[in-house]
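The block underneath contains the structure these notes are about, expressed in structure tokens.
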Amino acid sequence: MNLEKQLHDGLKAIPELSADTGHLCSRLLRYIELIAKWNSTHNLTSVRNPESMITRHMLDSLVILPHVSGPGIVDVGSGAGFPGIPVALARPEWQVTLVESNQKKAAFLLQAVLELGLPNISVKQGRVEKIKLENKVDTVVSRAFSSLERFMSLSKHLSENDSDHCRFIAMKGEFPDMELMQLSSEFVVEKIVAVTVPGLKAKRHLVVIRYQPG
């Protein structure tokens, strides 16, 4: 199976995407090319195989769409742009902010935004606890960033404009029993959703949290 067919079939398996995924497919493939080009010198991701990138990065990022509310999205610890760039490609009407502390990875994100032509993405290089945003944030998402408690402690200020409305989504593999037990009471878990990534057997869970200041 070639890359285009693999990706196209995977996109078709995600109901939240439009029936015509051809344009999205071509842009995601271009994104994979950029990652491969930069990966040799910048070590953006340990996943080197393009086929694995489709499943473990692109489709893994896009299955969160039904649980994400826009238009204001923040991707904390974005790394090579997951899930923020695939989400921004699929939802061009949303405004996505990528937060990344690593200078080399942030440089890649800026280049990817430029080459992919993504005016709905902004890149913030720095530690998330130091980042200040003027616009309203609807969803803050993290993937392989840290524990639930640390993610929330460092990111909670991003919801200061409307903490009742903003939701935090942590993308996890196995059900995070221990991390849930360690969460402070101000971080209210609203739901935990098991999600299926097309072509991936590994377990995936989304933890949806609301910040409730004392």
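Cβ from N, Cα, C; glycine included.
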For this session: Select one of R91, R143: the residue that Swiss-Prot places in the S-adenosyl-L-methionine site alongside G77, F82, V128, E129.
Result: R143
Seminar exercise, completed: The largest Cα to Cα distance in Å among the residues G77, F82, V128, E129, R143, listed in the record as binding S-adenosyl-L-methionine, is 19
For this session: Drop a 10 Å sphere on every Cβ of the binding-site residues V128, E129, R143 and tell me which sphere holds the fewest other Cβ atoms.
Result: E129
Exercise. What does DSSP say about E129 (S-adenosyl-L-methionine binding site): helix, strand or coil?
Worked result: helix
Seminar exercise, completed: Simplified to three states, DSSP reports R143 (S-adenosyl-L-methionine binding site) as strand
